[in-house]
Amino acid sequence: MTASAHDPAREAIETIRARVFAFPKRHFLSAGDLNAPQAADLLDLADAFVALNRQTSKTLDILKGRTLMNLFFENSTRTQSSFELAGKRLGADVVNMNPKTSSVAKGETLIDTAVTLNAMRPDLLVVRHASSGAASLLSQKVSGHVVNAGDGQHEHPTQALLDALSIRRAFGRVSGLTVAICGDVLHSRVARSNVALLHTLGASVRLVGPPTLMPAQAERWGVAVHHDMKSGLAGADVVMMLRLQLERMQGAFVPSTREYFRFYGLDREKLSRAAPGAKVMHPGPMNRGVEIDSDVADDPAVSLIQDQVEMGVAARMAVLASLAARIEGAGR
């Protein structure tokens, strides 16, 4: 290959190194940790990682010599796998802790676990936990940098980041778009983080769902609230469906899953009320025939669901690389 030959992998790496910046805070616990310029910079960096991840050679040495520890106290496929891939592609030593085979299963508290792990000197800790505030608590007990991978019903900031990346790549922008977030908003940390980040990036957000699955005074989030799909989806550019989180429900929030799909499940008829060219999203895992019809979910002309999975790795690489720049005191 000549010196002037086109080399996409090298170009992606050069772009990444030019765009890496020190993360604005010590930890990434909330979508609210980012202002608009910082969020845009992180999305630009993630874009460069998308280009790299599509090459044969995908690895960098940004985290070489660093240890990334994944602490997933709740089951996860997409998030844990993407953080593991992100860490390895950046050159980190990745350790996955399984709570079922750890001292947590013997009754050890989260604080004691944090103190124990801190003694091992990990540089980065990615934590998912069923309790809201768990990531924040952990961040107060460790010297490493903590990334919140989902804490109870509170937040899931890297999901919001990958969703914003998916939207921006599909439309070329986020600002000025109308995003309808539909379904089980009450139990959704994804919804909370998305509302915050989408507002920061200039989108208009609606929440759509039955009254039983809508947080009290949700309007205080700066959103329009709708209890029927007809008005909620009217003119929306993006329709983001949420999983019905039956495992978090203690009581009869919906009459039945069949009844739920009839009124709130996304099918072609309901989608037709959205704006021409509207895109469909779902954070996964999907309950087909409950939140969304397979005909819609699997249609590449409207669905961004597989794009979201791909963007997850790139977005998390961007977060980890920025935290690494903070560790090194480098970046712009």
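Yeah, the Cβs are placed from backbone N, Cα and C, and that goes for glycine too.
Around Gly284 (carbamoyl phosphate binding site), the same-chain residues six or more apart in sequence whose CB sits under 8 Å from its CB are Thr77, Arg78, Arg243, Ile305, Gln308, Val309, listed in sequence order. Feature annotation from Swiss-Prot assigns carbamoyl phosphate binding site to Arg78, Thr79, Arg128, His156, Gln159, Gly284, Pro285.
Feature annotation from Swiss-Prot assigns L-aspartate binding site to Lys106, Arg189, Arg243; the stated evidence is sequence analysis. In the three-state DSSP classification, Arg243 (L-aspartate binding site) falls within coil.
A Cα-Cα distance of 14 Å separates Thr79 (carbamoyl phosphate binding site) from Arg189 (L-aspartate binding site).
Sorted by the number of other CB atoms within 10 A, the binding-site residues Arg78, Thr79, His156, Arg243 start with Arg78, the lowest. In this structure, Arg128 (carbamoyl phosphate binding site) is part of a beta strand by DSSP.
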